[in-house]
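Engineer: Annotations for this protein, taken from TrEMBL, read as follows:
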{"type": "REGION", "residues": "1-29", "note": "region 'Disordered'"}
{"type": "DOMAIN", "residues": "76-194", "note": "domain 'MTTase N-terminal'"}
{"type": "BINDING", "residues": "Cys85, Cys121, Cys155", "note": "[4Fe-4S] cluster 1 binding site"}
{"type": "DOMAIN", "residues": "217-446", "note": "domain 'Radical SAM core'"}
{"type": "BINDING", "residues": "Cys231, Cys235, Cys238", "note": "[4Fe-4S] cluster 2 binding site"}
{"type": "DOMAIN", "residues": "449-512", "note": "domain 'TRAM'"}
Amino acid sequence: MNEEQRNELSQIREKSSDEGNLERIKQKTSEDFMQYFQTTYQPPNMRDAQRRKKKDTEVHYDFSIPEDMNLAGQGKKYMIRTYGCQMNEHDTEVMAGIFEEMGYESTSNQKEADVILLNTCAIRENAENKVFGEIGHLKSLKVENPNLILGICGCMSQEESVVNRILKKHPFIDLIFGTHNIHRLPQLMKEAMFGKEMVVDVWSKEGDIIENLPRARKGNIKAWVNIMYGCDKFCTYCIVPYTRGKERSRMPQDIIQEVRHLAAQGYKEVTLLGQNVNSYGKDLNIGYGLGDLMDELRSIDIPRVRFTTSHPRDFDDRLVEVLAKGGNMLDHIHLPVQSGNTDVLKIMGRKYSREEYLDLVRKIRLAMPGATLTTDIIVGFPNETEEQFQDTLSLVEEVGFEAAYTFIYSPRDNTPAAKMKDNVSMEEKKDRLHRLNKLVNQQSADAMSKYEGEVVDVLVQGESKNNPDVLAGYTKRNKLVNFRAPDAVIGKIVPVRITKAKTWSLDGELVEEKVEVK
Ligand code: 5AD
Ligand code: SF4
């Protein structure tokens with residue numbers, strides 16, 4: 001940015017003084033918005049999002065902050081509140097990286113923030129309610145500090161109904177953008193800082209892959225690495241294929257380079273991210289899949305490589321064969337089943353039966369006898385009978401899941417399941433969830449109890465969330481272990497003897513002498 005541009009920027013900043021901004025809020029009357037609706041505003045469109053083109057996604061390596069926004073954040077602070085899955089957590093790291101390249105510093109104190117973004121989740125209604133509650137709280141901050149920029153991004157922004165609700169009921173929001181145009185954050189910030197109207201930039205269709213986005217990663221031990229974006233599965237209950245767009249895989253060499261770079265920086269674990277990682281590579285048409293990628297990552301000097309989330313339908317033999325080789329491949333597979341009943345699976349659009357799922361589990365168990373299996377389950381899908389629910393319970397027992405994320409079905413706008421009539425009462429759904437959780441807890445506790453007296457390898461993450469005097473970390477089988485040790489072991493993989501098993505975690509003590517580790 002040259003002298004002239006700097007002067008221009010400071011003049012614009014002066015103009016957007018408190019008074020000016022209060023004026024901006026006042027200007028946002030409903031009449032203005034109705035006019036805005038009818039003229040410039042294009043809502044994100046679910047039907048457009050569903051139309052998937054064959055056209056190859058383009059990959060760009062030329063991201064840069066526009067010159068006039070290079071220093072826009074100097075002396076200013078940003079805060080991003082993240083809801084939902086690891087994909088969102090990682091998107092937050094990218095947005096944080098962009099803010100920091102613009103000169104912003106991060107803060108966790110909302111009172112001192114110059115910009116607050118809510119990176120939202122749309123997967124279930126309660127996730128959305130939390131965000132709307134938070135938007136309500138933010139209003140008072142905006143009144144206190146009219147220069148504050150408030151933005152909503154992430155999956156909820158991709159929903160037409162959400163954008164319309166914000167436009168009508170929360171006009172003090174400055175900026176709404178979706179999941180496909182995070183790389184435009186500098187331009188969007190500029191429009192939000194200096195424009196008069198709420199900036200809405202939500203794309204119905206996914207964009208290209210932008211490779212060289214900056215990332216301000218949380219911590220220096222574990223890192224997330226996107227391997228693909230979007231989902232083409234269209235399970236009938238799920239909003240993700242609409243909010244995240246069609247499946248787009250990153251090129252293998254870009255992923256491998258990123259993992260190598262993380263290894264060189266001293267990271268100990270990477271988690272490969274995608275909504276359906278087992279589809280990785282299909283859109284590239286180069287006969288290369290997740291198994292091939294994992295096999296290449298095996299030779300990188302990083303102790304642990306995980307991936308999430310899997311879809312049983314695409315989990316192929318090649319991947320099982322590579323995971324069985326061990327090394328930095330971990331003994332834990334998260335394999336969402338959703339239901340144990342074939343008819344329900346069919347209506348869910350999962351494209352596998354109970355038997356096919358159990359066959360896959362047998363294959364995995366044969367190749368990786370000690371592996372931990374965990375899952376996701378939805379109860380109370382429209383018209384699910386007690387018998388069908390019993391099939392879910394029996395499958396949980398048969399597989400021996402050691403943990404599960406369990407949910408009550410939540411109808412999502414414009415998904416096929418939301419149009420189905422439902423004869424299951426909320427009381428019944430809650431009761432099923434309760435019964436399922438009781439079984440899962442029991443299985444988790446049983447699996448934990450087997451570790452008492454054993455020595456396990458723990459990647460030490462840092463202080464335990466509940467007790468700062470204790471350190472915490474995970475085993476290769478994804479068991480949380482708490483133990484006392486000097487801070488010097490943080491970031492290392494150390495042997496720990498398990499002294500006590502709890503339902504969801506293990507207590508242990510550091511093994512000082514050299515012992516053989518399980
Ligand atoms: N209602 C309840 N749970 C859902 N999930 C996805 N969509 C819904 C919905 N509409 C669950 C699935 C998925 C996990 C991430 O969230 O179990 O695997
Ligand atoms: Fe949603 Fe199914 Fe895609 Fe998972 S695989 S993100 S549940 S549509």
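The backbone N, Cα and C atoms fix where each Cβ goes, and this holds for glycine too.
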Engineer: Would you list, in sequence order, the residues of this chain other than Cys85, Cys121, Cys155 that have their CB within 8 A of the centroid of the site's CB atoms, where the site is the one recorded for [4Fe-4S] cluster 1?
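Structural biologist: Apart from Cys85, Cys121, Cys155, the close residues are Tyr83, Gly84, Met87, Asn88, Thr120, Ala122, Ile123, Ala127, Gly154, Val240, Thr243.
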Engineer: Reduce the DSSP letter at Cys235 ([4Fe-4S] cluster 2 binding site) to three states and note it down.
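Structural biologist: Coil, per DSSP.
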Engineer: Taking Cα atoms as reference points, which of the binding-site residues Cys231, Cys235, Cys238 is nearest to Cys121 ([4Fe-4S] cluster 1 binding site)?
Structural biologist: Cys238
Engineer: Mind running the binding-site residues Cys85, Cys121, Cys155, Cys231 against ligand 2 and keeping the ones whose CB falls under 6 Å of it?
Structural biologist: Cys231
Engineer: Quick one: DSSP breakdown of the domain 'TRAM' (449-512) into helix, strand and coil?
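Structural biologist: Per-class counts: 4 helix, 33 strand, 27 coil.
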Engineer: List, in residue order, those binding-site residues out of Cys121, Cys155, Cys231, Cys235, Cys238 with a Cβ under 6 Å from any atom belonging to ligand 1.
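Structural biologist: Once distances to ligand 1 are taken from each Cβ, Cys238 fall under 6 Å.
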Engineer: Within a 10 Å radius of its Cβ, which of these binding-site residues (Cys85, Cys155, Cys235) has the fewest neighbouring Cβ atoms?
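Structural biologist: Ranked by other Cβ atoms within 10 Å, the binding-site residues Cys85, Cys155, Cys235 bottom out at Cys85.
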Engineer: Can you grab the distance from Cys155 ([4Fe-4S] cluster 1 binding site) over to Cys231 ([4Fe-4S] cluster 2 binding site)? Cα atoms, rounded to a whole Å.
Structural biologist: 13
Engineer: List every residue in the same chain as Cys238 ([4Fe-4S] cluster 2 binding site), at least 6 positions away in sequence, whose Cβ is under 8 Å from its Cβ.
Structural biologist: Ile123, Cys231, Arg412, Thr415
Engineer: I'd like the Cβ neighbour count for Cys121 ([4Fe-4S] cluster 1 binding site), meaning other Cβ atoms within 10 Å of its Cβ, all protein chains included.
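Structural biologist: The answer is 22.
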Engineer: Within 10 Å of the Cβ of Cys231 ([4Fe-4S] cluster 2 binding site), how many other Cβ atoms are there?
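Structural biologist: Here the count is 22.
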Engineer: I need the CA-to-CA distance for Cys85 ([4Fe-4S] cluster 1 binding site) versus Cys235 ([4Fe-4S] cluster 2 binding site), whole Å please.
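Structural biologist: Approximately 17 Å lies between the Cα of Cys85 ([4Fe-4S] cluster 1 binding site) and that of Cys235 ([4Fe-4S] cluster 2 binding site).
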Engineer: Beyond Cys231, Cys235, Cys238, what residues of that chain have CB atoms within 8 A of the centre of the [4Fe-4S] cluster 2 site's CB atoms?
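Structural biologist: Output for this site, in sequence order: Lys233, Phe234, Tyr237, Ile239, Val240, Pro241, Gln275, Asn276, Gly349.
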Engineer: Let's see if you can do this one: DSSP helix, strand and coil counts over the domain 'MTTase N-terminal' (76-194), in that order.
Structural biologist: 66 helix, 23 strand, 30 coil
